[in-house]
Every structure is written in C-alpha cells, then in structure tokens.
Amino acid sequence: MPVQGSQRRLLGSLNSTPTATPHLGLAANQTGARCLEVSIPDGLFLSLGLVSLVENVLVVTAIAKNRNLHSPMYCFICCLALSDLLVSGSNMLETAVILLLEAGALAARAAVVQQLDNVIDVITCSSMLASLCFLGAIAVDRYISIFYALRYHSIVTLPRARRAVAAIWVASVLFSMLFIAYYDHAAVLLCLVVFFLAMLVLMAVLYIHMLARARQHAQGIARLHKRQCPAHQGFGLKGAATLTILLGIFFLCWGPFFLHLTLIVLCPQHPTCSCIFKNFNLFLALIICNAIIDPLIYAFRSQELRRTLKEVLLCSW
C-alpha cells in the first residue's frame, strides 16, 4: 500500500543494492537521532506469508467441499480466509519480485514495474479492507444469532449473505483504488484510520454485549440448578479472557499499521515519527501474523470444518 517511505518498494529496488543483513538494533534517522528499527528478514517474511497462504487455502477448500458448511456464517469465514490469503499472497509476490530485481535475475523496464506495483497495491489494499469488513460481518452475524436466535434464519439468509459479500468486495476494490490514487492526501489516510477504529469499536461493543448475555444465561442456569457462585464466575472469567484475546490480537496486529498512517498525517517530519516509519515492514508482518491467527480463531474451532479438512488432507495423500 502506498505510504510514507514505502510506497514504491518495487521501483526503489530497480536501482538499489542488496540490503544489509536484517537486524534488530539502533539506526540513525535523517536528523542523526538514534532509534529502534526492527528489520524483518526476507526469509521470515516469505515464510509467514506461506504459512498464512496454506492455512487459508485449506479453509477455503474445506468450506467449498462440504455442503453442510454452505451457510451465511461460513460464507463470511470463507471470504475472510480468501481476503487474508490475498493479503499474504500479494505481499509474498512483492517481496519475491524485489529479491529477483535486486539479484539481477529479473529484468524489467521501470514502466512495467510501476504497473506491477500498482496492481499489487490494489490487491493488498482491497484485501486488507475486505478482511476488516469480514471480521466485522462475522461479529454482526454472531450477534444476530444470539440476540435474535428465533428469527436468525429469516434475517441472515444465504442470498443476503452473498449480496453482503459482493458489496464488501466491490466497495473494497473501489475504495482501495481511490485511496491509492490519492494516498498523499491527509483526508484519505484519516479515512482509513477512522474505518479501522469503527471496526474496532463495532467488534468491541458487539462481543462485550454477547459476553454479558452469555453471563446472564450462565447465571440463570446456575440459579436453576442451585449451583454455587464460583461456577458462573469462572465462566465469566473464561469469557472475558476469550474476549480479551480476540480483541487484543486484532488491535495488536492491525493497530501499528494504522498508527503508522496516523503519524504520517500528524508528524511526517518529526524524528520520533521517522523512527516509527522505519518499521513499516514489521507492521506488514504483524498483519500477515493476523492472517495466520484468523483461521485458528474463526475456522479451525469448528468440528465440522476440521473433519472436512482431515478428509481433504487424506484424499490428497
């Protein structure tokens, strides 16, 4: 994605020399100040992308294969896996092309590299936006299934889910093209940050409300069976821990990237902000880590999906 200091990585590699051995240490910024820079080895970057790619391909394959998983909930999970797959795949492709250009194994004109960079930017940006949208869609779907359980199947139908999926993908592609075309405008970057915060607030509000309802339900069952208080207190602690992990992972993996965008608007020339800008590849790696974790949280916990996955893997052998 086009952002300060990193918006033309492919073009920069045409005339660059191979980078030094990746490290974690102090680097000097433009003002001479010392700052912490975490360099991500290309091998690690590609490895993370490959793990994410394999995981999410397995999720998409399992859902496509099992007709029992052709429901609105799994439709959103499948699209989340697809968007995470594209995030990882596009970053892997960009890294691989950069390495080939730097090694002289790939010869290309600047115009060709520019077009390739634009295509990768659109794929990366649109898939990132789609991933955030589908995380929100999954939260909304689960909320409706709990608070409108009796009407769930009439509210969330497969045709409506498909229309929502189509709308998310179309909007993600259109807005990503708009963002990339006007990436140097502060308003565009702020819109992205506001969108991230809106998704974070939406997920937090919905999941906290669901946790409160689950605790009320557990307390009702405890009173019905005349259980001791520690039983439902333990449930509440477990639910709170699960919620903290879910939202914590989301914030830790996505937050630094959007902090990066915010600082581009607020302090593009400040020495401290310049130090943070140097860690852009680390922020991308965290997003890929989120793409690795998403299947573990949303997909692999399903017994039906795990069973289908075993069948797929056994058949492949």
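Along the chain as shown, the residues are counted starting at 1.
Heads up, the Cβ atoms here are built off N, Cα and C, so glycines get one too.
The following features are taken from Swiss-Prot:
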- Asn29: N-linked glycosylation site (CARBOHYD)
- 1-37: topological domain 'Extracellular' (TOPO_DOM)
- 64-72: topological domain 'Cytoplasmic' (TOPO_DOM)
- 94-118: topological domain 'Extracellular' (TOPO_DOM)
- 141-163: topological domain 'Cytoplasmic' (TOPO_DOM)
- 184-191: topological domain 'Extracellular' (TOPO_DOM)
- 212-240: topological domain 'Cytoplasmic' (TOPO_DOM)
- 267-279: topological domain 'Extracellular' (TOPO_DOM)
- 301-317: topological domain 'Cytoplasmic' (TOPO_DOM)
- 38-63: transmembrane segment (TRANSMEM)
- 73-93: transmembrane segment (TRANSMEM)
- 119-140: transmembrane segment (TRANSMEM)
- 164-183: transmembrane segment (TRANSMEM)
- 192-211: transmembrane segment (TRANSMEM)
- 241-266: transmembrane segment (TRANSMEM)
- 280-300: transmembrane segment (TRANSMEM)
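Segment contact holds for the transmembrane segment (38-63) and the transmembrane segment (280-300), given three or more CB pairs below 8 angstroms at sequence separation of 6 or more. Beyond the topological domain 'Cytoplasmic' (301-317), the same-chain residues lying 6 or more positions past its ends with a Cβ under 8 Å from any Cβ of the stretch are 58-59, 61-63, 65-66, 68-69, 74. Sequence-distant neighbours of the transmembrane segment (73-93) (same chain, 6+ residues past either end, Cβ-Cβ under 8 Å): 45-46, 48-50, 52-53, 55-57, 59-60, 63-64, 120, 123-124, 126-128, 130-131, 134-135, 137-138, 141-142, 145, 156, 158, 161-162, 165, 168-169, 284, 287-288, 290-291, 294-295, 298-299, 302, 305.
Residues 3-4, 132, 135, 186, 189-190, 192-193, 196-197, 200, 203-204, 207-208, 211, 273, 276-277, 279-280, 282-284, 286-287, 289-290, 293, 297 of the same chain, all 6+ positions outside the transmembrane segment (241-266), place their C-beta atoms under 8 angstroms from a C-beta of that stretch. The average pLDDT computed for the topological domain 'Extracellular' (267-279) is 86. Listed as Cβ neighbours of the topological domain 'Extracellular' (184-191) (distance under 8 Å, sequence separation of 6 or more from its ends, same chain) are residues 3, 178, 261-262, 264-265. Listed by sequence, the residues of this chain that lie at least six past the ends of the transmembrane segment (164-183) yet keep a Cβ under 8 A from its Cβ atoms are 1-3, 7, 75-76, 79, 118, 121-122, 125-127, 129-130, 133-134, 137, 189, 191-192. Outside the topological domain 'Cytoplasmic' (64-72) by six or more residues, the chain places 78, 141, 156-158, 160-161, 302, 304-305, 308, 311-312 with a CB less than 8 A from a CB of the stretch.
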